[in-house]
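Enquirer: Sharing a structure, written as structure tokens. Questions coming.
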Amino acid sequence: MSSTERRLDPRGRQAIIGAFLGFFVDMFDVWLPVIVLGPAISYFVPNTLGASTLSVVNSVVFVVTLVARPIGALLFGHVADRFGRKRTAIISVTGFGITTLLMACLPGYQTWGLASLVLLIILRFIDGLFLAGEYTSASPLAMEYCPREKRGFYGALIMSGFPLSYIVINFLTFLMLQVAPLNGPDAPYIHWGWRIPFFVGAAISLLFVLYYKKFVPESELWERSERSINPLRTLFSAGNLKGFFQVWVMMNGFWLTSYMISAVIPGLLNKSLHLPQTTVTIVMLTSEVALFVAYLAAGMISQRIGRRTYLIWAGLVAAVVGGMLNYWLISTEWQGVWGIFILTILIEVIVGNIWGLATTYINERFRTNVRASGFGLGYSLAVVLPSFYAFYQIWLSRIVPAVYTELVLLIIGSILVVIGAALGPETKDVDFAQD
């Protein structure tokens, strides 16, 4: 039966709920070292380290997870295409749930010396492998149950786990800082407060596994499909390689612009525009609420006008309008916070709304026998080059004032989105049942 003739049945509903919850848990785990562990990273290093060295250590703990994700997508994409989406999702979430629990139990530098930091980094790397396995398997499974006329909305709903997890983990960290204050080297938060969100992350991973195992069915499309003996070889064969390269180019733009609005702009607000850190946090949390709505709107609009059309226009608007607003934000002598507040939210929404299409579009670009591999690697492999954005900013600062390097990279990323989308076909009417 064609997907155009199907309504979303209970199995599809459970698959979409499962993919949304899985991505929420996944991103919750991704944010843990940045938001929760960041203020307590001194627990794992000698007291003699300076602030700049602590910042480097914190960056390594975060980046090692990003490095592991393409490797995890490579491994688990193959498994999901070869042996099943559901089984792979369960194994993956169980894996990162266990590693998160182990991190929550780690002793600090005073007990194990530098071995505690080494173990933390190793566990974060392993964590990254399993994190990639979750979205590599659960998202294609959900998309394969969606009626094609609803894929835009449901794909955006799955992706909304991204901003929602950011909101929840910030709120949880705020609560922990009230219960276990951060008031010195022997502060309660440094010794035990940071552990609670890690335990929460492990617990919700376990709950997800129980839910997924009981309620979410395996993909019928995958079960009926002609499976590739070597999905990775098939993905990188002549018939698929051009499409994969096109997705990779586009996703480089996604990730580069994402780093600018999620990692660089908060620093600009604090250091260049001199907003208190608490105010910056409020601005960013409000932006994430707006992004949740923007994701859903982007998914629904793309269902009417087409993914390719939407991405091209959204990329152009991000480059031109987002770039102009960004310049205005940086170059103006602000007398109050409201102008900064509104402009930042507008920039976040104008630039970041394209993420509402990521799950839907990439899954639509690949056939069932390589969809998990194509989605996982297309989504994850593109994270590598944009991750070095700090080095690009250093190089660009020789040409333009350092404060404007973020603006240059934001425009470059937006142009990559336009080029990548223009290189690809329209996908909204792709019938998964006919591939």
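From the backbone N, Cα and C atoms, a Cβ is placed for every residue, glycine too.
All annotation found in TrEMBL is predicted automatically rather than curated by experts.
Annotations per TrEMBL:
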DOMAIN    15-428  domain 'Major facilitator superfamily (MFS) profile'
TRANSMEM  20-44  transmembrane segment
TRANSMEM  56-77  transmembrane segment
TRANSMEM  89-109  transmembrane segment
TRANSMEM  115-132  transmembrane segment
TRANSMEM  153-180  transmembrane segment
TRANSMEM  192-212  transmembrane segment
TRANSMEM  247-269  transmembrane segment
TRANSMEM  275-298  transmembrane segment
TRANSMEM  310-330  transmembrane segment
TRANSMEM  336-362  transmembrane segment
TRANSMEM  374-395  transmembrane segment
TRANSMEM  407-424  transmembrane segment
Enquirer: Hey, would you say the transmembrane segment (20-44) packs against the transmembrane segment (374-395), going by three or more CB pairs under 8 A that are 6+ residues apart?
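Expert: No, since the transmembrane segment (20-44) and the transmembrane segment (374-395) share fewer than 3 Cβ pairs closer than 8 Å, they do not count as touching.
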Enquirer: Could you check if the transmembrane segment (275-298) is in contact with the transmembrane segment (153-180), meaning 3+ Cβ pairs under 8 Å among residue pairs at least 6 apart in sequence?
Expert: yes
Enquirer: Mean pLDDT for the domain 'Major facilitator superfamily (MFS) profile' (15-428), rounded to an integer?
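Expert: For the domain 'Major facilitator superfamily (MFS) profile' (15-428), the model's average pLDDT rounds to 94.
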Enquirer: Should anything in the same chain at least six residues away from the transmembrane segment (407-424) have a Cβ under 8 Å from its Cβ atoms, list it; otherwise answer none.
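Expert: Here the qualifying positions are 243, 246-257, 259-261, 264, 307-308, 311-312, 314-316, 318-319, 322-323, 326-327, 330, 351, 354, 365, 386, 389, 392-393, 396, 400.
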Enquirer: Do the transmembrane segment (56-77) and the transmembrane segment (115-132) share at least 3 Cβ pairs under 8 Å, sequence separation 6 or more?
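Expert: Yes, the stretches contact each other.
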Enquirer: Counting only residues 6+ away from its ends, which parts of the chain sit with a Cβ under 8 Å from the transmembrane segment (192-212)?
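Expert: Contacts of the transmembrane segment (192-212) (Cβ under 8 Å, skipping residues fewer than 6 from its ends): 18, 21-22, 25, 28-29, 32, 36-37, 39-40, 43, 86, 89-90, 93-94, 96-98, 100-101, 103-105, 138, 169, 172-173, 176-177, 179-180, 182.
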Enquirer: Going along the chain, which residues at least six beyond the ends of the transmembrane segment (247-269) come within the CB cut-off of under 8 Å?
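Expert: 275, 279-280, 283-284, 311, 315, 318, 329-330, 340, 344, 347-348, 351-352, 354-355, 358, 362, 365, 374, 378-379, 381-383, 385-387, 389, 393, 403, 406, 409-410, 412-421, 423-424.
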